[in-house]
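Student: First the structure, which I've put down as structure tokens, then a few questions once you've had a look.
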Amino acid sequence: MVFLGKILPLALAALSVNGAEILSAPGAENIPNGYIVVMKEGTSTQDFDAHREWVASVHHERLARRGSTNVGGMRHTYNFNQGFMGYAGTFDEETIQEIANRDDVAYIERDQIMKASAIQTQRNVPSWGLARVSSRQPGGRDYSYDSTAGQGVTAYIIDTGIDIRHTDFGGRAVWGTNTVDRRNEDCNGHGTHVAGTTGGTSFGVAKRARLVAVKVLDCNGSGSNSAVIAGMQWAMQHASQNDPRRAVANMSLGGGYSQASNQAAAAIVRAGIFLAVAAGNDNRDARSFSPASEPTVCTAAASHVRDGKASFSNWGQLVDVYAPGQDIISARPGGGSRSLSGTSMASPHVCGLGAYLIGLGRGSGGGLCDTIKRMALPVISNPGSGTTNRLINNGVSQ
């Protein structure tokens, strides 16, 4: 947490107000009049309900005064039961200033666009990533694994959705929720590719895991940070209703540094769910991006077929492991496959490995990232300044 304290002044700019700070990530694509409001720790449910009623009344009073038909207002409510409570919506400057002046508000963050972390497509390339997970040397062509293969584990794919009818999922993929639009389908393809790497029968690391689509990004592969956090909350609550110790989640997406996003990610980990996150594709220090900069998640950088850092991959002390992320073949909506590159492709290898190890009884939750790091091979060349050189491995040596 000391390290995170050093990051914050570098990563966030704050508007000086008479009350809670209004934070904004430098270079972020902010959503006009969009805000995420986070309550102070210890706020009771009753006080939170009263606060939201007050916000609704203030907002509607402003609309009536202006004679406006632009509804806006509160859109998402967050209560992770793990030290993160708040809400998000669209408010005018006067309203957000009143909210900031409340004693029960910890901070306010400008809502921003979050994007999928895949960057390029190349057809007809060799599929090497899956084989690399079970090989001690590069160039392997086979993937060796225990037949449990993540059976009994649920993987939440927080992304663009999943083509749950794709034959590679064998009926193990189901729709969970949609916080971004009204199209309950993967109209982008990114999420289906990620799900295939996590748990596809042909392309996946954990071939018997159950896959749940949590759609937070639209057909263009983008969405608001507030919608992403709403999807994170849904996944945590759904897993907690079952057995969070047998749940993993993947977030192959990101944006500028967001204290709210990191706080939500940390709440998921505290709930006992293993969370794998893409480091990002800007060839920069991952500390400037979220949720990759949250220290308690398992942040994955991308490697290429020769066991080096992929040119686009983010790096830094907050990267936990490397995983295959360049020219990765996996499922595409409507059937068949395609190749994508990005830390988006690295993270689901880590998520799938987490599900695989839970199925073997090798751990769960946040501690699972430490297990994965211990099992990883110190083989990555030129990993980046201050960055681990460890590449994931499932322990089945070839």
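For all residues, glycine too, the Cβ spot is worked out from N, Cα and C.
Reproduced below are the annotations present in Swiss-Prot:
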type	residues	note
SIGNAL	1-19	signal peptide
DOMAIN	35-115	domain 'Inhibitor I9'
DOMAIN	127-398	domain 'Peptidase S8'
ACT_SITE	Asp159	active site, charge relay system
ACT_SITE	His190	active site, charge relay system
CARBOHYD	Asn220	N-linked glycosylation site
CARBOHYD	Asn250	N-linked glycosylation site
ACT_SITE	Ser344	active site, charge relay system
Student: Rank aside, I only need the closest one: which of the recorded positions Asp159, His190, Asn220 has its C-alpha nearest to that of Asn250 (N-linked glycosylation site)?
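Tutor: That would be Asp159, nearest by Cα distance.
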Student: Roughly how many Å separate the Cα of Asn220 (N-linked glycosylation site) from that of Ser344 (active site, charge relay system), to the nearest whole number?
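Tutor: If we compare the Cα positions of Asn220 (N-linked glycosylation site) and Ser344 (active site, charge relay system), the gap is 15 Å.
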Student: Which state, by DSSP, holds His190 (active site, charge relay system): helix, strand or coil?
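Tutor: Its secondary structure by DSSP: helix.
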Student: Work out, from DSSP, the number of helix, strand and coil residues along the domain 'Inhibitor I9' (35-115).
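Tutor: Grouping H, G, I as helix and E, B as strand yields 30 helix, 29 strand, 22 coil.
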Student: Once the DSSP letters are reduced so that anything not helix or strand counts as coil, what is Asn220 (N-linked glycosylation site)?
Tutor: coil
Student: Any idea what the Cα distance is from Asp159 (active site, charge relay system) over to His190 (active site, charge relay system), rounded to a whole Å?
Tutor: 7
Student: A 10 Å Cβ contact count, applied to the recorded positions Asp159, His190, Asn250, Ser344: which residue has the minimum?
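Tutor: Checked Asp159, His190, Asn250, Ser344; of these recorded positions, fewest Cβ neighbours within 10 Å: His190.
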Student: What's the CA-CA gap between Ser344 (active site, charge relay system) and His190 (active site, charge relay system) in angstrom, rounded?
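Tutor: Rounded to a whole number, the Cα-Cα distance is 9 Å.
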Student: Averaged over the whole of the domain 'Inhibitor I9' (35-115), what is the pLDDT?
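Tutor: The predicted confidence over the domain 'Inhibitor I9' (35-115), as a mean pLDDT, is 90.
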